[in-house]
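What TrEMBL records for B:420-447 is compositional bias 'Low complexity'. Residues or ranges marked as domain 'Phage shock protein PspC N-terminal' in TrEMBL: B:9-64. For B:322-381, the entry in TrEMBL reads domain 'Histidine kinase/HSP90-like ATPase'. Sequence annotations record features per position, and here TrEMBL assigns region 'Disordered' to B:418-447. What TrEMBL lists as transmembrane segment is B:16-34, B:40-60, B:94-115, B:121-141, B:162-182, B:194-217.
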Amino acid sequence: MTQDQQVVDVVLVDDHHMFRTGVRASLDARVRVVGEADSVESAVRVVHELRPPVVLLDVHLPGGDGGGGAEVLRLCTDVGSDVRFLALSVSDAAEDVVAVIRAGARGYVTKAIDGPALSDAVLRVAGGDAVFSPRLAGFVLDAFGTAAGDVATGDDELDRLSAREREVMRLIARGYSYREVASELFISIKTVETHVSAVLRKLQLSSRHELTRWAAARRLL
Amino acid sequence: MPGVRTRLPLRRPTRGRWFGGVAAGVAAHLAVPVPLVRAAFVILTPLGGAGPVLYLFWWVCVPSGDPADAAHESRPSALSRLARRQPDAPVRRWPVTDVAVGVLLVAVAAVLVAARSGVDVGVGWVLPVLVLLAGLALAWSQLDATARGRLRDRAGGRTPVGLLRVLGGIVLAGVGLLLLVGQAAGRGVDAATLVQSVVAALAMLAGVALVLAPWWLRLVNELGDERAARARESERADIAAHLHDSVLQTLALIRAHADQPTEVARMARAQERELREWLYDDRPAPGTSLAAALRALVAEVEDSRTGRDGGAVAVDAVVVGDRVPDADTGALLQATREALVNAVVHGRAPVSLYLEVGPDQVEVFVRDHGDGFDVDAVGPDRFGVRESIIGRVRRRGGTATVTSSPERGTEVHLVVPCRAAPGSPSTPAAETPPAETPTTTTTQEDA
């Protein structure tokens, strides 16, 4: 049950009671649900009260100004970086995914995910890493471009991916797990996680022209 | 998908605007950076004031609104996603308009002070023009707000504040005009004549308005009602047809097959995929999107094939980029289908499919987590891999690589150069190893 780490507390935010029940039942013993919320207001309140290490956040939520999960993220910026958000949605459309990621979520999984995989994702987010699905990696490649000349040379360059980051993204999009990516590229899993976190940061902070245009075409400008 | 992007319509976005959002709107319309457009306006200013004039012209003529929003509204509703979109995030921005108004007021104050202290600024006409402009701005700002309100689906412009704005604007503009007329006619016009002409003009206007008002009101009401009704009707018909064709049929089928878990799972998966597409995606017109063709192919394989244990296998498909399909990508898709069928039937879930459209080539990876097989041991009589996958791609000048190992499963890598890209000579990918040379081979032939 508990190996080297303790049980991770999560707050579950979703407006469907049946789905919350299902998620609670499917999470394994490494994760404990300490609170639930079903709207933007209650989510903000519960997160501020409990300050859990991880919040499982539905993208489409009633209440607030109609901003859904992204609005919760914006209203919770004051709780600090020790509360991390993992977005959870039935939709895997680009605009929904990128909206919550750019609002500050540390990862994105679809509701089709099974219990152990979801628990893994929660632990990964709790550990400060990013969770990338193949779909999200595809969006990143789409947004940052895949042309050969479009490669970042310095670490501080926000608007382009480095050659390695692009390789990692491509492998994840091809269905490789972090472990498989590591062995394919002859690097450690920790290095893969570092690359993925760097890509997440770029996705959140970049003002790359193509990225904003791409987002505009999907109404995110 | 970005490959087949159309031009955004001309709108003045509320986000990222400095004054009226004209530059931002033009930039979005022409797909150029906003600073470039702003610079163009500045550069055009010395040329007879063309910059500000153009800006004002567009400010008045172009409706306010999100360009992407407008683009989505102009799509046929049968091709648009049904789920509500996430509203835009608010952004903090410099209060440029407020600052501009402040600067203007300070300038006016300075002129007034100068006039008071005896300096003859020779600006007898300035005050009337300013009053006139203020009136116009007030009335137009109401127009702007009304348009925005309608676009945003808010309450509309019929608030007391809106009415006050229009009335105030009209009064201000009228006073400005009168002062101007008085100025132009020299100081010879006496007050009585002026008042008389004003009353006559007002009476004339009121008469015309009275005559036209009912007709105009009915026209406006009918137009709005008809437009709303038509949109509602077509949307309702689309949704009803879709729900009947797919969801209802599938539910009936599922009930009939309740004792066959494989069949039920497969139908539920197909229905989920279709509903998801309806709810969350905008669909391209048929025949214009390689990504859509691939999704259809995945759907077909998921629906028609089962895995080794007889269960349905879900394919995790990721597409990067898009283009219009041609003969080359057609061959690639056929090869992809064969590879996908092999992965679903002989491999093990999860099956991943990745398609990337590059500037001069299209790449496909199909991966399963099965036990792998010895690629060399595949006999020449076996048409599956050799002819339908590798041969197909090679005839189009592409390459095909099959990698297989027991612990990693099988991955098929297909590359086809695209010829359509103008200016870039299509070269077959050189970095991929020659076809049929597996990097890892093991025994374990697939069935």
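Glycine too: its Cβ is placed from the backbone N, Cα and C atoms.
Caution: TrEMBL annotation is automatic and unverified by curators.
Of the ranges B:16-34, B:40-60, B:94-115, B:194-217, the one with the most Cβ pairs under 8 Å to the transmembrane segment (B:162-182) is B:194-217. For the transmembrane segment (B:40-60), the partner stretch with the most Cβ pairs below 8 Å, chosen from B:16-34, B:94-115, B:194-217, is B:16-34. DSSP places the residues of the domain 'Phage shock protein PspC N-terminal' (B:9-64) in helix, strand and coil in these numbers: 32 helix, 2 strand, 22 coil. Across the range of the domain 'Histidine kinase/HSP90-like ATPase' (B:322-381), the DSSP-based residue counts are 20 helix, 14 strand, 26 coil. With a threshold of 8 Å between CB atoms, the same-chain residues lying at least 6 positions outside the transmembrane segment (B:194-217) that come near it are 178, 181-182.
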